[in-house]
Amino acid sequence: MSSSSINGACKTSSRSTHAQAILGPEFCERLSETKVLLVGAGGIGCELLKNIVLTGFGHITLLDLDTIDLSNLNRQFLFKKKDIKHSKAMVAAQTAGAFNPNVNIQPIHANIKEAQFDIEWFKRFDIVLNALDNLDARRHVNKMCMAAGVPLVESGTAGYLGQVQPLLKDRTECFDCVPKPTPTTFPVCTIRSTPSQPIHCIVWAKSYLLPQLFGEDEDGTDELDEAEKQGENAEEIAALRREALAYKAVRSALRSAQTTEDVAQRVFKKVFHSDILNLLSMSDMWRARAAPTPLDFNAIQEGTFSIQRPSNPSTTSGSAQTTHFQPANGHVNGKTPSTSSSSNGVSGLRDQRALSLHDTLELFMSSTNRLAERLRKGEDTISFDKDDDDTLDFVTAAANLRSAAYYIDRKTRWEIKEMAGNIIPAIATTNAIISGLIVLQAIHLLRKSYAQLRNVHVQFKPTNPLSTSTMCPPNPKCGVCRDTYTTVLCDPARVTLSELVHGVLGDNEREVSVYEDKRILSDPDWDDNLERTLESLNVGRGKFLTIVDEDEEWGTIVVALSILPPNHPSDGPAFILPSPLPSPPRLERQQSTPPPAPSRKRSAPDDEIVEVGPIAKRAKTDTNGTASIPNIASPNKRRRLEEDGLLMLSSKDDKIEDDVIEID
């Protein structure tokens, strides 16, 4: 057999045989040269990395900021127990690299929002695949891809549900074309004073009590100031301010190595007894709701504590209801027996076992002492982490103790972990389905088969588990993909804001405002920053400058900043403008409301209608018949002045009854 036939046989029997048969040899050859950026190495990212490696994508950059946790191992199959606490990107690249030695995988353990990953960096890739789990990072990658003109495939899962969305500038809508729902928030007074649901108590324990005792938040004044601006109950806010000041002594005791008292008991009495008594002193607050019951430390320890829930304030009967808080495992407020046997086999599981009130108190004391010991050993602050047993135990105990005081159903440790950690149940099968669909849409984008692009949804319908929809065009009012993007290479230490703006606008000078994210840098009436360098304004590589036309005649220009090339001479220009300069579209002016059609009715005989030509204007005369100063202000000018709170008079003798400030 000749050597050529042997080589041909080897090539036919290689690992890419099936891919070549499905995709064609020419496209497979292109895939081997394709540069793809995969952002995220979690549930979707692990499955997706395996898929693109086996498909034959030749050059893969894998970026992820996270490290591996124990809870990842049930669905992220590229990791093992020995990999816990190691970089996801590094371990995933090492594991998946063995699947196809012909593929080059470059792992990066970093945040995709870092300045080094600018527009020029994104332009290196032929396609970007998102496998992210948070909205902020998704929006950032979407904007970078729109600015760089790189195709993006967006994806996400939630339990048995999932979605894949291919995005391409000027052809499809982008991720921000459709507004996303904002996270649920709760009023401060509801969380701090009048909870009515388990989630209120959990948010209080996680976002208020834990930071107040062990974190950076010493008084929470910013949150209270904002609540006061929103018009929440002023009396409640004043009481909360006094309560916040009292926490300083408790914080000091938790951190002091010389403390001889039982600090955990002191925290309990402060939070669940004294603070509740202070709230009860505000009788007006409890006219329409049941007042909470202060918790008794000694009575709970002895197993004799019970709560007398007041009758509904809206009813006329004065009877009270005794609440014993019998949990699912059949034990009341006393100690739970040590045996873990149960008919349903659930109570033996630590996370899924409902605790008695006594056990909840013991968990609160234990977790508080553990966290205090960590502070004394040198930790500056401690924040909540769903995989940190100490903080999770503290939030579980504190939330359930508060629930008991307010007659709210208590939750197991597992339920609180889900709610406090914002855990959406992840299904490995859903991740696998979504990862396969991502590769299919990526192939359509690389082939430029735009007519084949589809939004794909995995839905919980056995008769129709997959649904597809054609791509929608860009939203003409989108503030991301409808802007005109350009890139300027510069040295921020030598370039002023004025030089950059005038350079980008070129000969098309006009009145503009300049923004960096939500921060205004200049506008026609405020030019203090124009002669300052970009560096002094904290604007540099990876940032965007947005130039907005004040007259709304031209579209918005977004300038992406990047660094000068390495071979740029030191005495060369401080910035390099794009060629050609950006040319934003001229905006269509909205049609004003047409004037009403003239009436066809004949005027009454005593009506006197005088038609005045547009040029000749009758001068206004005073009481003596002397012509006054002519009205030189146009109606548009008058309207703009009135909007600014100014009033233009027709003559110096005009009288105004209201109080005004005269301006020469």
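Placed from the backbone N, Cα and C atoms, the Cβ positions cover glycine too.
TrEMBL entries are annotated by machine, without manual review.
Annotation comment: TrEMBL describes 21-479 as domain 'THIF-type NAD/FAD binding fold'.
Feature annotation from TrEMBL assigns active site, glycyl thioester intermediate to CYS189. If you draw a 10 Å sphere around the CB of CYS189 (active site, glycyl thioester intermediate), it holds 19 other CB atoms from the protein chains shown.
Mean pLDDT for the domain 'Ubiquitin-activating enzyme SCCH' (195-417) in the predicted structure: 78. Summarising the annotation, TrEMBL assigns domain 'Ubiquitin-activating enzyme SCCH' to 195-417.
What TrEMBL lists as compositional bias 'Polar residues' is 306-326 (among others).
TrEMBL lists 306-349 (among others) with the feature region 'Disordered'.
Annotation source TrEMBL lists compositional bias 'Low complexity' at 332-347.
Per TrEMBL, domain 'Ubiquitin/SUMO-activating enzyme ubiquitin-like' is recorded for 489-554.
According to TrEMBL, the feature region 'Disordered' maps to 571-646 (among others).
Per TrEMBL, the feature compositional bias 'Polar residues' maps to 622-634 (among others).
Taken residue by residue, the domain 'Ubiquitin/SUMO-activating enzyme ubiquitin-like' (489-554) breaks down under DSSP into 12 helix, 22 strand, 32 coil.
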